[in-house]
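Enquirer: So TrEMBL lists the following for this protein:
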COMPBIAS  24-55  compositional bias 'Polar residues'
DOMAIN    143-255  domain 'Phosphatidic acid phosphatase type 2/haloperoxidase'
REGION    1-66  region 'Disordered'
TRANSMEM  112-138  transmembrane segment
TRANSMEM  144-162  transmembrane segment
TRANSMEM  203-228  transmembrane segment
Amino acid sequence: MPASQTRSRARDRNNVLNRAEFLSLNQPPKGTQESRSSGRKQSSQTAAAGTQNSNPKERRQSQQLPEEDCMQLNPSFKGIAFNSLLAIDICMSKRLGVCANRASSWGGARSMINLLGITGHGIPWIAGTLICLVKSSTLAGQEVLMNLLLALLLDIMIVAGLQKLAKRKGPYDVSPGLLDYLTMDTYAFPAGHASRAAMLSKFLLNHLVLAIPLRILLVLWAFCVGFSRVMIGRHHITDVLSGFVFGYLQFRLVELIWMSSNTCQMLISIW
């Protein structure tokens, strides 16, 4: 055993790397270790300080941001379908607004299209119904006219309420006219002229005896009135279609609450 120890000591002495000038090659420098350890400590301290200084609201936002990004990047199928249909509706409505202003392709026909729209306005129909009611001498005629007046008033109130709730603007920046302000028809959804035309055509077809050509003209008039509102840029296509649907529903409502002849006579006597 002493001989082996002496041999190992002799090898260590003869090894060049064990000399003092070569010891630095075998051991890593202390400065780098200290700098690395200090850098790690500083980074950990700054991270801890940042987390301590951050508010709970910022922490919640940082946790919610990835979810919001995922929702924006991966929208639902219903959202994609609704936005696509909305974009198609706006694009088609803008293309069909050929009389939106004087500079449009059919700008010269704007006055005629406006005149067609006036035939579906509520004020002329209410005034005409009142005049016919005053001149009517039959009980059946007065009953129909009183219920028609009720239908017109319901149409104005229902459409005005729905427009106030939706507050949808038209495809073009077209200001409403004086008659529109009187009937509170200032927004786009649903189209008041379309609902009124659909309700009136259905009402007159059910309660008046008309020849077949007149019945066809009455239906065509309702469609032309609704389409004219798209041509002048006041309503979208979906506004007009929904107006037709609401007009039919209003007709069904008036049929359900139909006033009898005695009720109509009592109201006429009070008036």
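Any Cβ shown, glycine's included, is placed from N, Cα and C.
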Enquirer: Would you mind giving the whole-number mean pLDDT across the domain 'Phosphatidic acid phosphatase type 2/haloperoxidase' (143-255)?
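Expert: For the domain 'Phosphatidic acid phosphatase type 2/haloperoxidase' (143-255), the model's average pLDDT rounds to 91.
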Enquirer: Tally of helix, strand and coil residues over the domain 'Phosphatidic acid phosphatase type 2/haloperoxidase' (143-255) according to DSSP?
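Expert: Looking at the domain 'Phosphatidic acid phosphatase type 2/haloperoxidase' (143-255) with DSSP, the answer is 84 helix, 0 strand, 29 coil.
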